[in-house]
Every structure is written in structure tokens, then in C-alpha cells.
Amino acid sequence: MKLKSGFLGLLYSRGYFNQCTDLAELDQLMSKECVIAYIGFDCTARSLHIGSLMQIMILRYLQKCGHKPIVLLGNGTTKIGDPSGKDKSRTLLSSSDIQENTLGIRKVLEKFIVCGDGVSDALLVYNAEWLDKLNYIDFLRNIGRHFSVNNMLTFDSVKLRLEREQNLSFLEFNYMLLQAYDFIELNQRYNCLLQIGGSDQWGNIVNGVELGRKLKLPQLFGLTTHLLLTSTGEKMGKTANGAVWLDGEMYSPADYWQYFRNVKDEDVGRFLRLFTELPLTEIEKLENLKGYEINEAKKILATEATRICHGEKIAQDIAYDALKVFECNDHSGLPVFYVCKSEIELGLSVVKLLQVSGMEKSNSSAKRLINDKGCKINDIIILDVNYKLSLQDFCGMSYIKLSCGKKRHLKVVLESNL
């Protein structure tokens, strides 16, 4: 697809682009002038996780291409909860929890984007500023009358709940009106013309565009990214040990690096496009590496992704430490335990490995060790007592380091001919 706008061309070539309400007109506009665009994040946790990383990278690219991003922190809409993609109602958060989450998310976002008063500097805006002041009767008369309940019932966030006979509260039913109204407020306050979100937000985004048309505002645009899935079809952002948070205090930079280092071979090229800023020509060379060489591409992916999230020095330090761990034979003096490759391929539980290797006397003591956060594989804490080792844990190497506490370590070596 040939696009005039450098920003839209970048989204398309790197694999972000899903659909747009009027791509031709938006392309024309963005090729001629600085466009103000917004992405919203509800404040449901103290940090964002990598499920939000595509949107965060798009905020960076908006700045790099000379456009102005608005980050809308939904400290108002969080009081209701977005039903999109949810099988049941979200737990309502207290005002103090929402405030704490808002501050935490702001801290995370400021690592990725430049905020300020410059032409392409990001604005951080809070929708409680206008939602908390709404007069309900006026809102229904001026905004609610433009929405068809018949149409609202066709959106997946509503339709799927009703088809499954799952409760959808009137509170949640109002969410799409409030998100549409956010777009109107941002247009009137800041001349924002574009809303960007994940593909699950398409219905809500279209509502905002249509509301702008009915209110006779300048043309508004909506654009969505693909849903972030791994090559196995799983949602990205979670591991057996929990969410991959972007806050270094909630998920260590070393674990973050290791997460990207352990991605499947099939995901390397796509993730290099989405989560690094490397040139496409370099990415094409890296994704064409075969066999053991693909591990070099994974290290580059891990280091670049960690650099963007946690900074250059931290990323380089982790990459250097990983080099020592995996390539400098620092574990030559550790006791060795051999496991059969076929057993790992079937899924060897860490509990069983701890017992058969002699590191723990019984299954119960092995489970206690894990529950006490005393078990590590390659210095990454194992939190799930049901965790099973796979070849991914070996990171293309012939062994892993199994640790029990700070002083007991074992070199677990992979053997294919046992």
C-alpha cells in the first residue's frame, strides 16, 4: 500500500495497522500538517504491561514523525470499567486506588515519550477533569440522544455478553458514550482529530467519530492496531509467573530482557518490527537467520526492547550479564544433572526436577521453596508451582542454571541421547 504520510506508512510497514475510518483522507491530512492524535489508557493497575506496548510505541512514532500525541489517562472512565473483551464486570476501584494507579501509569509512560509544550511533545490529560463535572440530564439531552440503543446492542462488547446470558450492567453500558464524549472534549480543547486504539476498541472509536459528525465538528478519524498475539494465538502480556509489567519495580528489567530473549523463533521478526526502532533492512537480515543463529536476533530484540523501556545502560548491563551466564562458562564449577531432551519436550515440572535432582527431598518441600520465591531458573524467580520446563527455557543453550535460595545451584544439562 502506497501512503503519502510517513507516519501511516511506518504503521503499515511495521505491522501495526489494522483499519481506519477514512484512510485516504487521513493520509492526505497527515502528509501535509501536524495532526494531534490521542490514545487512552484506563487506570486499572499501578502499571501498564506489554499488552499496551504497541500503543506506546505508536506514541513514540507520532513524535518522531512530527505529530503531537495526547495521552488520555482515564481516571474518570476507570470508575465505570470498559466492558470490551471482558466476560464479566470489572471490580470497581476506590478513588484512592485509581489515583495511585494514575500516578504509576504516568511514571511508566514518561519513560517512553517526551512530555512538554513543544510542537510534538506529548500532552498528559485526565478525563476526570470533564467527566466528574458532567450534568447527567444535560449529558443525556445533548449527547445521549445521538446514540441508538439498537446499534449499541450490535457491538461485540455488548452482544457477546448478552448471547452468553452474562450480566452487563447499565454502568458498563454507558462506557461507550463516555469514550465517545472524550473524543469530543479533546477535539474542542486541543483540536485532536485522531483516536488510536487496539482492534477491540473499534466500536468505541467509531462511536466517537460518528458523534463528532452528528455534532457538526471537523472530520474526526479513528485508527486501530492489530490485537497483540503470539504465533501460538495467545494474548501477549502474561506469563506463567504473571503479567510482564513495564514498571521495573513490578517486573525486573532482567526478567523483561529474558522475556523477549525467550520468544519463539516465529515471533522474532514481527516483534523486532513492533517493539524496536531498528531499520527494516536490518530486521529483514535478522529474521532470516536460521538454526542457532536466530538466538543472536533474539538477544538484539531483548536488548533493544529493554533499552526503550528501561534505558541504555540497564539494557547493556543485562545483555553483558547474560553473555557471561550463557557464553562465558561461568558455571563450569557447578554440580551437573542431566535431563533427557524428550522429557523437556513433554514438559518437565520444576517440582519434579527439584526432587529427582536431589535439590529438594520431596514434592512438598519443592512446592514450599517455590511459594517462598526461593527457586530460580537462570536467575529468574519461578512463582508457579505448576510451571513446566520447555526448550524455550534453555534459550538455545545446552543447559540452564537451577537455583535454590542464594547458595545452592545446579547446572541442568540437556542430553538428547540418554
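The backbone N, Cα and C atoms fix where each Cβ goes, glycine too.
In Swiss-Prot, the feature motif ''HIGH' region' is placed on 43-52, out of the ranges 43-52, 323-332, 353-362. Segment annotation: Swiss-Prot labels motif ''KMSKS' region' over residues 235-239 (candidates 65-69, 80-84, 235-239). All protein chains considered, the CB of Gln179 (L-tyrosine binding site) has 27 other CB atoms within 10 Å. Residue counts for the motif ''HIGH' region' (43-52) under DSSP, split into helix (H, G, I), strand (E, B) and coil, are 3 helix, 1 strand, 6 coil.
With respect to Cβ neighbours within 10 Å, the binding-site residues Tyr38, Tyr175 differ, and Tyr175 shows the lowest count.
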